[in-house]
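All remarks here apply to the structure that follows.
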Amino acid sequence: MSEAPRFFVGPEDTEINPGNYRHFFHHADEDDEEEDDSPPERQIVVGICSMAKKSKSKPMKEILERVSLFKYITVVVFEEEVILNEPVENWPLCDCLISFHSKGFPLDKAVAYAKLRNPFVINDLNMQYLIQDRREVYSILQAEGILLPRYAILNRDPNNPKECNLIEGEDHVEVNGEVFQKPFVEKPVSAEDHNVYIYYPTSAGGGSQRLFRKIGSRSSVYSPESNVRKTGSYIYEEFMPTDGTDVKVYTVGPDYAHAEARKSPALDGKVERDSEGKEVRYPVILNAREKLIAWKVCLAFKQTVCGFDLLRANGQSYVCDVNGFSFVKNSMKYYDDCAKILGNIVMRELAPQFHIPWSIPLEAEDIPIVPTTSGTMMELRCVIAVIRHGDRTPKQKMKMEVRHQKFFDLFEKCDGYKSGKLKLKKPKQLQEVLDIARQLLMELGQNNDSEIEENKPKLEQLKTVLEMYGHFFSGINRKVQLTYLPHGCPKTSSEEEDSRREEPSLLLVLKWGGELTPAGRVQAEELGRAFRCMYPGGQGDYAGFPGCGLLRLHSTYRHDLKIYASDEGRVQMTAAAFAKGLLALEGELTPILVQMVKSANMNGLLDSDSDSLSSCQQRVKARLHEILQKDRDFTAEDYEELTPSGSVSLIKSMHLIKNPVKTCDKVYSLIQSLTSQIRHRMEDPKSSDIQLYHSETLELMLRRWSKLEKDFKAKNGRYDISKIPDIYDCIKYDVQHNGSLKLENTMELYRLSKALADIVIPQEYGITKAEKLEIAKGYCTPLVRKIRSDLQRTQDDGTVNKLHPVYSRGVLSPERHVRTRLYFTSESHVHSLLSILRYGALCNESKDEQWKRAMDYLNVVNELNYMTQIVIMLYEDPNKDLSSEERFHVELHFSPGAKGCEEDKNLPSGYGYRPASRENEGRRPSKIDNDDEPHTSKRDEVDRAVILFKPMVSEPIHIHRKSPLPRSRKMATNDEESPLSVSSPEGTGTWLHYTSGVGTGRRRRRSGEQITSSPVSPKSLAFTSSIFGSWQQVVSENANYLRTPRTLVEQKQNPTVGSHCAGLFSTSVLGGSSSAPNLQDYARTHRKKLTSSGCIDDATRGSAVKRFSISFARHPTNGFELYSMVPSICPLETLHNALSLKQVDEFLASIASPSSDVPRKTAEISSTALHSSPIMRKKVSLNTYTPAKILPTPPATLKSTKASSKPATSGPSSAVVPNTSSRKKNITSKTETHEHKKNTGKKK
């Protein structure tokens, strides 16, 4: 055939039902049967030439069945045997050829066939050679002006691999002069080689993630190997931070592109599969820029059907891979569209006389969304949480003056003289310090140089600390600071005059400890898992566990999630562990940290420079120390001076202490007793080499306490009050984690040091309200500005990443967008933010009963422990007028974090999670106002009664820790005793009550000592009602099975209200977090040990069981550690649930404003990115259009509106009925960095 045929068909225009056509797969056998039924015109033959695995795949069959419904098209599939073994002359004839390369396909023969027969070719064959080489692909993309990650190509000669332009550093590589800092990506140049490696920086834990073609349920694996490959040619490229999701785009011609989101294989390597075992993917809408990219890719590579990978990062879209011919799997709509477009392309090319129009399927935007329900609905739009890091090892510090030339050489080598200061964190740098310490100690052994001799104990400690954890340095654990002192250390009066002290020296400060413990990881991961349940669920089964609503939102790009952390290792690891729980990830924290956690230290958002502490804070510390140095009982003046805010917890601590100096004497003698006990243990050969929690030895524990003993009391007998937080830190750690040592009087030391710390720690952030506010602003102003911008919608609708509603049948709310901003930080920021909320005049206590109750609760809270959370949630009521102040609604929640080691009765309890709002309180409904909502009104009335007649106590509900065991191993059977059912001898409470299985959707009950599991319908959990309503239901059902008399009596009598405040964050961290198969046996064997550690004497054993979970955390180097208690986390308490956005915005503006003038009106209050939530007020509204600007209503109108309208914020919600409104909303997600600059840079 010299040229492509053109078919001219006669005027016959008979209507033929395409459904009557048989599907053409093996046409040769059917020719005779079909002859009479076929139209008289010659058919256009479309030939499919590919390997059998591809041509017989489900997507190909689905599409070919549809293509063969075209009246004039016949499909012929070339058999694999013919393709491989027959010469091209014997291949079937066709008019149009669809042929593509895959493993084992003879592309040369296909090219020869096309040359011989000259058919119309759908996917250009010569370009398929280029697609197999990533270098060529990148070159074409670059020529087309398509954005690519920054990259460099390393070509190696296979015969001489060592000769290449590659210089490898500890945390970077240099390729042809181009430097790539870790994390970076290493891709083989052959596109057929899927072994792509991502290398992580040592600061995040080092190692690499190795990606490969899916094998079962894995697509990548983490490796500790940090060095790049030494053979083969590679492309090195910058790693793009995509928040853990990739987009795969499939074109059919230049004008059609279908896009799907899936979890990035680099995140944890676990392939998410649905109930049919297929990888979970979600269709997303491409923005205009991405559609242009698809158009360019399709035309540049001359591939009509073409797949490529997009990375959405930094507000841009980058192409990182072009795969050539590929179809979408499992989308009927795509199959219809693809067949229609391919058929039209063929007809237009080979039968132009039909004038086939360009028929592109309707865009998503053109499809109307039909509303399904009506009524009052509150829709969660935004969740902002500020969270303290998890349980950590005690922070330790050692200072020494060094004068040896080797230290000066190191200081000079690292450019220390530029600023006079140097911070060494990298393994290579720490190794150099260790080498110097070893060398000096060796010299000391050989001769007595008096200058070095002076520092011998400190040099030994320096060496010991740097040698901890074996040879591998993790930059997260330790750091050395060197400061240049031109005249040596300042002299103290007791020092002899010494001319040498005038010479320059270096102050070496070694900091170590303060790492997140395995218990801290468990806490963070569990809290993340519990946070999931704040988001309403979609229909269908995502992965068979609760909180799937959030996971669906996230993987479909409808969850605009950003996680920020300060630059401390423990904070970053807490954020990564939280993300792991929140997004149901598996594996190591390093890949999660690198991809999901943004460091916020660039703009001072979450970090603070201790050198720049305000003079106010210095004054406060001095006054505090002065008061606590007086050797007398506290007087009325002391109470007045120390507790002007009237804090109940402070007054309680002062009552306990009475005389601060006498209490310090007791603490000092208890520390002396402790150090002597540890020395005694070290002398005992049985326990000399005992391993304590987290690899600590008795020797290190002794050094820790000896240093405190030495530093706490000066030679003149005065106490250093600044050491009290450190003493409390250490004893709390040992009580929780080293209880097995059974050291005497630890609980007494804990009690006294806690009482002192409860005064010192909060009061260091200001004694009077004015001081607290001033110090808080110093720490928190950038964060307050950022929170304010998070609550406003400042992005442009055009850049939105949206789910494609047409393709997403199983998704309830295709246009729902939700914004979550999580800020992980240290104690200082949490104290400061809480001070701002308490003392910054957000509400008036005298006029607002709910706020007064919240302040009373906060006055009782004595410690903001690990995992403290401050949560702000923004709702929208789409039924309210756009200009109404009631359209946007803000709620404020708080949890003081992990419980301490004291009895439960000492724990403060607030009024619960989401108690009835203030407006609802004074109003008893005489009749049901709305026939549609009888249950809601009833429930509101119950809430009102509870608030008026009974204080609400939030009882913890444990979220079951998801064990990595296979499903069959996870369930405790009747004959297998679960470690969770350990009951206290006194019968004062059992673990069982606290692990009522709500989080796993299973009900647990007690029968003797056994646990049986019975499923709770998912409907009662997260799918048709808000998670909280359903938790009430499950808890009340559970009430019949729980045999814990004391707890039940103390709980509210009314089962309906049973746990309406327990909610999400009544999630004490669940124990039994082991991944070891023999846990049950271990718990049975060690039952006695588990319930009576050294820190819990017999009298408090029962309550201890409730306060803690047992964590059998596996340590990377030491196998199983000694068992350790993981403290439960206090439930979230509602501080206020009836704030308007206008009120909150003006408050935040006044705090963030540098001047004292507070603008009375904000120029615009925009709605925020939607967030799915734990509790929807009444019914959840979806798909509302949110205007870019909402002008504040004039005050007069507001009053009347408020008076006339029913508040939508009372009590727990009734069942949530998803709704689809006809109005659309377009919520956007521009880059967060831009968002921050934009909002901090301008004042509203």
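For all residues, glycine too, the Cβ spot is worked out from N, Cα and C.
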Swiss-Prot annotation, substrate site containing LYS53, LYS54, ARG213, LYS214, ARG262, SER326, PHE327, VAL328, LYS329 - matching residue among LYS230, LYS248, LYS340: LYS248
Minimum Cα separation from VAL322 (ATP binding site), reported as the residue among binding-site residues LYS53, ARG213, LYS248, VAL328 that achieves it: LYS248
Least surrounded among the recorded positions, given as SER223, SER326, when other CB atoms within 10 Å are counted: SER223
SER223 (phosphoserine) and GLU237 (ATP binding site), Cα-Cα, nearest whole angstrom: 19
For the region 'Polyphosphoinositide-binding domain' (371-442), residues assigned helix / strand / coil by DSSP: 29 helix, 24 strand, 19 coil
VAL322 (ATP binding site): tally of other CB atoms within 10 A of its CB: 24
Inter-residue C-alpha distance, ARG213 (substrate binding site) and ARG134 (ATP binding site) (nearest angstrom): 16
Average model confidence [pLDDT] within the region 'Polyphosphoinositide-binding domain' (371-442): 83
For substrate: widest Cα to Cα gap among LYS53, LYS54, ARG213, LYS214, LYS248, ARG262, SER326, PHE327, VAL328, LYS329 in Å: 24
Per-residue Cβ crowding (10 Å cut-off), top of binding-site residues GLU237, ASP309: GLU237
Which of LYS53, HIS194, ARG213, LYS248, all binding-site residues, has a Cβ with the fewest other Cβ atoms inside 10 Å: ARG213
